[in-house]
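Encoded as structure tokens, the structure appears first; notes follow it.
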Amino acid sequence: MKDRQEKIAQVIVTAQQMHDIEERIFTAGMPVVALMEKVAGLIARRIQDIYLLSCQQENKGKASLSPSLPPSRVGILTGPGHNGGDALVVARELYFRGYEVLIYCPFSKLKELTSQHLQYNRSLGLPCYDSIEPLQDCDLLIDGLFGFGLERTLTDPVASAINQLNEWDKPIISIDLPSGLHTDTGEVLGTAVRATHTLCLGLWKQGLLQDQALDYVGKAELIDFDIPLADIQAVLENSPSTKRITKTTALSTLPLPRPPVTHKYKEGHLLLICGSRRYSGGAILTGLGARASGVGMLSIAVPESLKSIMVAQLPEALIIGCPETESGAIAQLQLPAKTDLSSFNAIACGPGLTQDASPILQQVLDSTNPLLLDADGLNILAEMETIQTLQKRQKITVLTPHTGEFKRLFPDIPDANHDRVKATREAAAQSGAVVLLKGARTVIANFQGTVWINPESTPALARGGSGDVLTGLIGGLLAQASSKKIFVEEIVATGAWWHSQAAILAAQERTELGVDAHTLTNYLIAVLASTSNKK
Ligand SMILES: NC(=O)C1=CN([C@@H]2O[C@H](COP(=O)(O)OP(=O)(O)OC[C@H]3O[C@@H](n4cnc5c(N)ncnc54)[C@H](O)[C@@H]3O)[C@@H](O)[C@H]2O)[C@H](O)CC1
Ligand SMILES: [K+]
């Protein structure tokens, strides 16, 4: 059971894939009406858990639970398709559980099954309106207007109704997706329901994990309705996989537990190339991120003038003071005697470099080491014809741009805000690199099209320096994994998960305003310790 849960928790589907999976179920003999009854029954039970809980919590503050509380009034928003069908079954079940139920349905042409459910609800005496106003006094709204069958931009009257109900500030539970969101891109098609909760049915829809959807999704959870794994496999096996990073996948990739017999050189040697007189903090934060990764040996190449501050901050690291330019950037990568770039298991280059350090980038690009480029490393690369430069490199390369850096690196890839999954996949395919596109839902892709999405983060990370910490952390993980058979994109995805989980823990203890980058580095180990104990 746990195995199924883990597999289901990872899978992300598009509308087409969900349609094809459901078609297999119906072709195998499952009556549509039976599946709808099963799914809607699960939804109705979950709604009562969520909703009754909040009622009881609300009443807890009062002297006593008044037995004469009027039944909660629930408004059902009904669309013309099976999303609407689901909602009408929920309506009937809540009615039988004693709720007062009102229905809004502005559509005259409904799918057959949906129409039958509406007819039966009407026969039970449930009031049905073609305008939204009568539902204004409801305590809770259930959004069954559109699910993954939404094909085009919403128009009136339903668009205006959605805009009105969004102003009511009432709890809204959306079935499958908030109506109005594009199932794959998360784009708002005209307008969309701002859900308090989204109950995603069967498998996670890709649109729910795209940054532009997050203002509408609310708290999202999956309602598993026992889709056979064989049906999922049959539909997805010929497409590039798109998965959610879960705690299980992340922990399985971490270099834990360590072998009982080991030594510092067996646990990876990372070279960081970072910092400038102007941005010494970036070098420190990158070093602290690398330290937290557990990497066995850490060397940090910085301009000579940063050497003393780096030694003070990171006494365990080998600080390499390099000749610097007038402006205080690294002029030349001057490694200690008897070492060259092949002495390291991985290189991470970029934070705080400034573009004056551009000469060293070609040197690291010419190396054969696994290489992570971030910040100014990316900005310098963007001046060098990214695609051609990386195609020539043909070695493990990881790019960690935010949206702005992404646009500079890949100016010909359509706007990364429209479909971040597609844009990241395209960038990885063209460059051959593993590309991590930072965001509220960070996307990682490799050149074969495999995509991982980090499904949980916190706006607390929206601060200078967070990215430097991530660079050091992932660099350290790459160095430790270099002798292991782990897919690079999984290592990178684990770093993104670890980084965001640390920020989430820090925000819980210090609020979202209390997670500066230096504090974040202290939570990297704390979150791991707490997570591993709970494994
Ligand atoms: N099939 C099942 O038993 C299950 C269905 N599930 C639920 O059904 C929806 C998918 O249902 P579907 O009928 O394919 O589409 P929707 O209800 O999402 O869309 C409604 C319908 O509306 C038309 N339409 C599309 N765009 C617009 C628009 N902009 N304006 C007006 N009308 C539009 C289009 O013809 C659609 O058919 C799914 O989300 C689940 O909620 C479950 O998966 C359980 C099993
Ligand atoms: K919906």
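Backbone N, Cα and C atoms are what each Cβ position is placed from, and that goes for glycine too.
Keep in mind that TrEMBL annotations are predicted by a computer and have not been checked by a curator.
Predicted, not measured: the structure shown is a model, and the values here were computed from it.
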Same-site K(+) binder from Asn83, Asn121, Asn163, Asn238, given that TrEMBL records Asp143, Ser179 = Asn83
For the AMP site that TrEMBL gives as Lys438, Gly439, Ala440, Arg441, Thr442, the extra residue out of Gly464, Gly465, Gly467, Gly472 is Gly467
Measuring C-alpha to C-alpha, could you say which of the binding-site residues Phe148, Asp176, Gly439, Ala440, Arg441 are within 10 Å of Asn83 (K(+) binding site)?
-> Phe148, Asp176
Annotated binding-site residues Asn83, Leu150, Ser179, filtered by Cβ under 6 Å to ligand 2 = Asn83, Ser179
Sorting the binding-site residues Asn83, His402, Lys438, Ala440, Thr442 by sequence and keeping only those with a Cβ under 6 Å from ligand 1 gives Asn83
Quick one: mean pLDDT on the domain 'YjeF C-terminal' (247-531)?
-> 95
Near Gly439 (AMP binding site) (Cα-Cα within 10 Å), the binding-site residues in question, chosen from Asp86, Asp143, His402, are His402
Which of the three DSSP-derived classes (helix, strand, coil) applies to Asp143 (K(+) binding site)?
-> strand
